[in-house]
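> Copying in the features that TrEMBL gives for the protein in this structure:
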- 9: active site, nucleophile (ACT_SITE)
- 11: active site, proton donor (ACT_SITE)
- 9, 11, 175: Mg(2+) binding site (BINDING)
- 20, 95: substrate binding site (BINDING)
């Protein structure tokens, strides 16, 4: 049954680290990153770091090789493949960038499991340097959400998905501060899965009355897989029962012309 939208954050949810920090650390640019961090927004800083790495002679291939060895729990990929096989519409909403995310997902063999990746744009320019741009041009068109970083409001993306998908139920998985805002947009029939002892979990627990969705924490990939698939199965059972009830009501509805119940349908042999 394909009536469920499952939305994943990427860093520290699908993978076990922050992809930006992973690339910077693995390519030996941590000190410069920490030096520049207080001077500009994170997204702008990552674009600057890609410039610095390019100047130091690091290539796109070097970045790709680093991304391909990113740490990930062994049950995450099976969980994603299972959710996709069950007919769920899987999407990513992440404050990383499209180059990092697609490189990793393709390497893991799960890029085709996702119908949509919402993240900061990234591309390789004519000089072979990776450019990273903000999802929202906060200089010209700020999104106006005071819960989210200037370059992306995940809550607005969730609202867009809801408007397009109608009454489809949603499961949202995340860990960071930016995952609190979309948790507030979920409806009573939805579920949110914050990673335990991470910022989103702390904020949800401190503001539980503001969250309409069902909440279930997780700590690692094994728990994520178990809880996610359990909820998908639960929703599918509930939706099947609802359809059965609607079918029974239709079958027992009095005939408008004769005031009598319709004859039962023939039993197949």
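Placed from the backbone N, Cα and C atoms, the Cβ positions cover glycine too.
TrEMBL: automatically predicted annotations, no manual curation.
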> Enter the number of other CB atoms within 10 angstroms of the CB of residue 20 (substrate binding site).
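There are 20 such Cβ atoms around residue 20 (substrate binding site).
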> Given the binding-site residues 20, 95, 175, which lie close to the residue listed as 'active site, nucleophile', meaning Cα to Cα within 10 A?
95, 175
> I want the residues beyond 9, 11, 175 whose C-beta is within 8 angstroms of the mean position of the Mg(2+) site's C-beta atoms, in chain order.
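So the extra residues in range turn out to be 10, 12, 13, 14, 18, 94, 174, 176, 179, 195, 198.
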> Sorry to bug you, but what's the C-alpha spacing from residue 175 (Mg(2+) binding site) to residue 95 (substrate binding site), rounded to the closest Å?
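Computed Cα spacing between residue 95 (substrate binding site) and residue 175 (Mg(2+) binding site) is 12 Å.
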> Judged by the number of other CB atoms within 10 angstroms, which among 95, 175 is the least packed of the binding-site residues?
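175, out of the binding-site residues 95, 175, has the fewest neighbouring Cβ atoms within 10 Å.
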